[in-house]
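Participant: Pasting a structure below so you can have a look.
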Amino acid sequence: MKAEMEKIVSLSDGDSTAELQEYLSSLTDDQLITVITTSALKRKKIGTVIKGIFKGSPPSAPEGCSRRLLLYQHCIPLCESGDLQADVAADIIGLLMLETHNLPGPSLAQLASLFVEAIKGGMMGSGKSLELFPTVLTALAACEAVSYGKGELSGEEYKKQLINSLCSSRDVPLAPEELQFVVEKVLRMFLKLELQEIPPLVYQLLLLSAKGCKKQILDGIISYFKEQDLRQEEERKDGESMDLEVQSIPQDQLRHVEGTTILHIVFAIRLDHELGREFLKSFKTSYGELCPFSIALLLSVARIQRYEEQVFDLLKGAIIKSYKDEQLQQGSKFLQDLLPEHCSVAHMILDTVKNSVFGWDHVTQGLVQLGFFLLDTFGPRPGPFGKASEGSATIAKSPTQQACKLGGRILLEGFKVHEPIRGEILEQVLNRLVTKTASPVNHFIELFSDIVVSAPMILLESSSKVTETFDHLSYLPLATVQGLLKAVQPLLKVSMSLKDALILVLRKAMFSSQLDGRKSAVTGFLLLLKNFKVLGSLASSQCSQTISSSQIQVDVHSRYNSAANEAFCLEILSSLRRCLGQQADVRLMLYEGFHDVLRRNSQLASSIMQTLLSQLKRYYEPEQDLLPPVKLEPCITAQGDQVFLQEPLAHLVSCTVHCLLWLQSSRPSALRNTDDSDDDQDEEEEGYQSELQTILESMTRRMIKSELEDFELDKSAEFSLGSSVGVKNNIYAVLVMGVYEVLIEYNFMKGNYSKSRFEELMELFNRYHKLADILKEKSGKGRVLSKTPRSLLTMGFVSTLLTMLFRDSTLSREEALSVLRSSGEFLRYSVSVALQKIQQLEETGHTDGPDGQNAEKTFRFLCDMTSVLMWRYTNIPSVVEEAGRKEKRSSLSLLCLEGLLRIFTTCQQRYPDKMAQLLSAMDISDDDTEPDNGNVTEITFFYIRQFQRALFTQLSGGEEEFNSKEAQLLVSILSVLSRQLKPSSQQFVQMITWTVKICKETSFEDSAFCKGLLSLLFSLQVLYKSPAGLLLELCQDIHSQLGDIDQVHTVTEFTIFRAKHTSSLLLVLSQVDRVLDEVDWLIAKKKTQQALEKSSAGKEPLPLMQDPVEKAVTLQLGTLLTALNELVQTALLPGTCTDTLLRELTRTYTILTTLVKYCIQLCSGQQGVLPARFEKLVKLSGSHLTPQCYSFITYAQAKLLRETKAIPNLIFSIEQYEKFLITLSKKSKVNLMQYMKLSTSRDFRINAASLDAALQEQDGSQQEAEETQEPKHKRRKQ
């Protein structure tokens, strides 16, 4: 072979390429291979030989191409064989690299396949030739087309196929550390690849996961997409702020890639359950690892039956924990400063809903399930006796309420964007409304209402489902029916078929055997009357009462079908007239609804007023000389011995009065604009109006003349609810009082500030007051009526009345108003009714009577009342009203103050965004410094100062002048208003400073007031900084006030504590518990973080830097231990305080044990490094607190005459703490036990009395042996 080699070298050096080509063609493939092998092994001119072969094999000729390919195919295995010297192999690979780009596509494809097969077969010995592989791939990518199978692919596509094939290295035998290396390498490559290349690579990685590294692979994929989502979000925000379109990755492309990846992972989990278990395990430790992508993945995995329950439980736990953590963090400045902003799982889930628009059909089903799962799990629970609490709070506050609201939002957003799931969502919501009759369904009604408002036309496509639900109306609870009909009301305006179906159902319900069924029919008919306008009805703003949060504004039933509407409305009215013969509850609903119907459909006035007039005449005594003017007997009915109310007469009169007043105030202006053609109608109206007016005037005159004896309700009457006569008299009394109230309102509104009219009004009130006193006196004895019947005065009237009584200074009205103002009882009554109305608004969200359901008007009345009550309280001090105190009841000032407290509380709950507006209405200041009404903090603080002054005045008087109730109300008001201040504001700091000052200077012996003041201090302190330092000061003062166990007294700072103040001490201990909660939460968070850092490689925390959370935990515990050290030396009174302190001590040691366990975990991973200050904490607990605890236990055992579990629990927790300290000492090589003192032996307790008796017996005995053996015997027994 030497000759051939020499020939190739010599020809290659010459100029004749044709001769070289001819010679190489004459050699067979075997001969050529032998030449290359020999020269390579003998290191003889191998470079020149290879160059010669390249020179004599032009790539343009087929023969040249095949020879070049042969050279590559032979040289690559030769270099990997290990027979060549390293430098020779390097030279060969270098030469081959230079000529790779000259190879044609098919040759490159064959060469690349050779590499892939060699890698998969594990034939790459030294791996030297792998340097050539990227060059081959690069050249291949540059090719336009390469044959692949039966078709063709571009070079780029062929390269991708090769990479995927190569990455599918499941055929390659790998050791665990090699597998880990491959996985890490591939995951790092993700960032360098194009988005479209990710799903195939993920697929190959998942195949590889069968060999191991499951967690690493899943975590890597999820963290990649989490990063991409964050990047996209940042780009979106940047784009919004700069008004630029900045997108490195198109959103739709990213979402589609994510969707494909999710499908791959779910498919892999179906086949490999071990992968599924590993996937779920990684989320069980911390919800912090969740992101929109992983939530979408979880919901897709939930479609696999065996994982469904686990996934939803996991998400439920994560959502609740997220809300709880958020609540804890928001309520503590200490935690806010320490930790970054909370990551909300709710936001992630709602992001997942948004992202699922991009064809994530495999996720949508999971979203629907999750939504209903949250609504069912966290929905409102039935109250006592299975009743739902009336009215729902406007803001979801607790974590469970927020989780329930989130379920509704998921379904609503899903309904808007996903057409395929709409039918299912609607069906499930309506099914629950029908089937869940035993528990409240407000949350489902709210969701249904939102769906109707957001997509009414879409809903009409599924109107058959709504119609089916109507069939069940008469069997559903009344609250459900009312909610459902209000929600569906916008649809009735655009769908005749739906309206007709509802009317049919309501007509049937009218004859239902169930009372609730008939009440449902009345509700439905009234709703229809309010919403189908008859042509010519007044379209005034005062008519537009809101039924639901939003309505379809376009009224389809306009001019052309108003006649049909009128006929339809009159037909409904005739159906409703039948109800006037039914039970009182049904009639009551009619009377409460007629006024709203009239205002929205004034054309029905004649029909409604005639109905009311004829009903009223049944109970009205037409003979003008007869007293009383109303017949009470027909108003009741008897069944056997039982007496029932049949006709709510007062409500009937009330409804008539309000309808009449509204017609009289609105019609004159309307009538001026009408033609003469309506003369007949006008005459008819004037007819019934004047008749009603005559009746009401006559009733007023005769009710004033009537004595209580005329109603058989004098002092001698029986009011016991145990007898039928007593029940009848109670019903009569409530009806008569109601009629008095309605006539009071009517006469005030019609009186036009006439003195004689107001004198009549006072006569009515005196009769009312006399009857109310009798009822109160009689019920007080028999303990029957727990509270006054609800007043029939309307909120609007009460608001007007208060303004007139306290703030109207018009000269022309003064004489008339002085009639009302001169009666202290009438003033008290007016404020008391206002309180009752505000309380009803707070509890239910609405009040009785006209405008009671109108949130805007109610709020306006609330503002007016606030202004009046505030003016009355600040301008007439309670000290002036000595008479009130002598009579052992609240003075008028106190009632005003209570009203203000209720208003502020109600506003915060029902109108949270309107607090500044409410405060702006209180124009009471004669001060120069007017608040800036635009600034919530400033205006709130302005009024806070007013109340602070009032409280200071209370406290600066002597203890004799101190009014405890007023002081408590002022503290409660300050507490409510301070929630409006921003904790970062200067005013908030001033508020804290003032509260601390008051606490330090107050020394009144009033337990309830002191408790309120301390509560205020703590609620402010937690939003400003950690309360631990304050607790230490307070504990030192408690110690000083109550004395040491051996009674040593010192000077104290917080004189708020006295021996009687058990409640204040319990409040301090509850605050200790709160600090312990925060510490416990922080330690748990650190433990989770530590576990995550341990599991993820390359995230070792820096041991040199002190962790801020660890530092904060040790400092907090240190301060708490010092505070508790003060308390355990205090001579506490036996009872609740001692028990609570023992429990708090137990909890403190339990948390110290948790911290020790965390340090053990830390030491095992960090070469035994303990957190700084930890040793000091152990020293403090061991040498200071523990010995004092044992002394306190002895003191408690002597004081407590009963056994308590708290003592053994405390001893156990101390011993557990010491046990784990021993373990930590061994791990950390630090002797922590040197600070622990030997505890008292507590195996048994010697009963001193029994011991004395035994010793006396032994003295009388002669046997010495028995004397010595007795104790041993006793000890063994113990």
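Every residue gets a Cβ built from N, Cα and C, even glycine.
All annotation found in TrEMBL is predicted automatically rather than curated by experts.
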Participant: May I ask you to indicate which of 669-689, 837-857 is given in TrEMBL as region 'Disordered'?
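Facilitator: Result: 669-689 is the stretch TrEMBL calls region 'Disordered'.
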Participant: Considering only the recorded stretches 66-269, 274-355, 540-776, 792-1017, state which has the highest number of Cβ pairs under 8 Å to the domain 'FANCI solenoid 1 cap' (5-56).
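Facilitator: Stretch with the highest Cβ contact count: 66-269.
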Participant: With CB pairs under 8 Å as the measure, which of the listed stretches 66-269, 274-355, 792-1017 comes out on top against the domain 'FANCI helical' (540-776)?
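Facilitator: So the stretch in question is 792-1017.
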Participant: Could you tell me how many residues in the domain 'FANCI helical' (274-355) are helical, how many are strand and how many are coil under DSSP?
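Facilitator: With helix first, then strand, then coil, the domain 'FANCI helical' (274-355) has 67 helix, 0 strand, 15 coil.
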Participant: For a three-state summary based on DSSP, what are the helix, strand and coil counts in the domain 'FANCI solenoid 1 cap' (5-56)?
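Facilitator: Helix/strand/coil tally for the domain 'FANCI solenoid 1 cap' (5-56): 42 helix, 0 strand, 10 coil.
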